[in-house]
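Participant: Have a look at this one.
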Amino acid sequence: MLKGIHPAISPDLLKILAEMGHGDELVLSDAHFPAHQLHHKVVRADGISINSLLTGIAPLFEFDTYTEAPLIMMQAVEGDSLDPAVEQSYLQTIKSAVGNVPKLARMDRFAFYERAKQAYAVVITGETAKYGNIIIKKGVTPVK
């Protein structure tokens, strides 16, 4: 065990977070996301919500400030609707952890899948919220 690491962050996920460079993206997917079809590097976080993972990741992760929106979520398919509480809960979780909220953008379902293919890794969570997937983009970690 390490001090200060949230219990939702597995050793495999901690390794991935440390390996990622600036500009790399991480997909936090819901339980139904086709991760293994889209990507070769998949970590399982079964039974863990995306909010729990964001609580653990945000203090360890510098969100990209060189891109317009370092957070990306899927937009609703035509004729379907989003629950705005899902996005708001993610943003509030990040704000609580780091004090500010990076900008969030939405993209079409299939564009999101294509973007996920280019990510550093995909984390399959226990999240069941509709359109609950989120991509987070890592920035440059400041040297202190």
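Any Cβ shown, glycine's included, is placed from N, Cα and C.
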Participant: Please state which member of Asp30, Asp46, Asp64 Swiss-Prot lists alongside Arg109, Tyr131, Gly132, Asn133 for binding substrate.
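Facilitator: The candidate from Asp30, Asp46, Asp64 that Swiss-Prot ties to substrate along with Arg109, Tyr131, Gly132, Asn133 is Asp30.
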Participant: Over all shown protein chains, what is the count of other CB atoms within 10 A of the CB belonging to Arg109 (substrate binding site)?
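Facilitator: Step by step: centre on the Cβ of Arg109 (substrate binding site), count other Cβ atoms within 10 Å, giving 14.
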Participant: Can you tell me how far the Cα of Gly132 (substrate binding site) sits from the Cα of His22 (active site, proton donor), in Å?
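Facilitator: That separation, Cα to Cα, works out to 24 Å.
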Participant: From the Cα of His22 (active site, proton donor) across to the Cα of Arg109 (substrate binding site), what is the distance in angstrom?
Facilitator: 25
Participant: Among the binding-site residues listed here, Tyr131, Gly132, whose Cβ has the fewest other Cβ atoms inside 10 Å?
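Facilitator: Across Tyr131, Gly132, these binding-site residues, the one with fewest Cβ atoms within 10 Å is Tyr131.
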Participant: Given the recorded substrate site (Asp30, Arg109, Tyr131, Gly132, Asn133), which additional residues of the same chain have their Cβ within 8 Å of the Cβ centre, ordered by sequence?
Facilitator: Ser29, Phe33, Met73, Met74, Phe112, Ala129, Lys130, Ile134
